[in-house]
């Protein structure tokens with residue numbers, strides 16, 4: 001072992017850390033983060049749907065002048081687009097990043113069943129208990145790989161949710177400012 005401080009020591013791997021346990025923790029963490037992302041999106045969506053009613057309730061005395069109408073229209077369009085992004089963030093995702101299995105040459109037409117079940121969509125292709133058993137048995141052959149595939153799929157869902165939440169805030173903030181400016185200008 002080198003005592004030279006310029007040479008970093010080899011990382012110490014704890015024998016207590018099982019790779020499968022690490023993968024399970026990773027998957028659990030990503031699933032918890034999805035719950036937090038859904039909560040954020042739901043709170044923002046509730047606000048996005050309630051705030052226009054509160055703002056526009058104060059403006060009931062006729063149609064505003066043209067500049068105010070333009071600000072209100074653009075602000076409303078941005079607001080609607082931001083609300084739509086939040087709706088998309090809370091809607092369930094039912095796909096996977098995994099490529100579809102290759103169809104065997106001369107195989108029967110129709111969807112190709114997955115080779116192992118990692119999410120509920122893999123189980124929907126058949127109701128044949130033998131096929132379902134084969135999917136589960138295949139998944140059980142390499143539990144670590146099975147967990148990591150799930151973690152990748154769930155991480156992609158999480159990334160999509162946060163991307164939509166960021167997009168919605170980027171649309172809602174200027175939409176709110178333009179709407180408030182339009183309401184103030186229209187007084």
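Count begins at 1; order follows the chain as displayed.
Placed from the backbone N, Cα and C atoms, the Cβ positions cover glycine too.
From a predicted model like this one, the values you see are computed outputs, not experimental measurements.
Residues or ranges marked as domain 'Pycsar effector protein' by TrEMBL: 23-185.
Look at TrEMBL and you will find 65-87 (among others) tagged as transmembrane segment. Nonlocal intrachain contacts for the transmembrane segment (65-87), taken as residues 6+ away from its ends with a CB within less than 8 angstroms of a stretch CB, comprise 41, 44-45, 48-49, 52, 164-165, 167-172, 174-183, 185-186.
The feature transmembrane segment is assigned by TrEMBL to 169-186 (among others). Nonlocal intrachain contacts for the transmembrane segment (169-186), taken as residues 6+ away from its ends with a CB within less than 8 angstroms of a stretch CB, comprise 44, 48, 51-52, 55-56, 58-59, 64-65, 67-83, 85.
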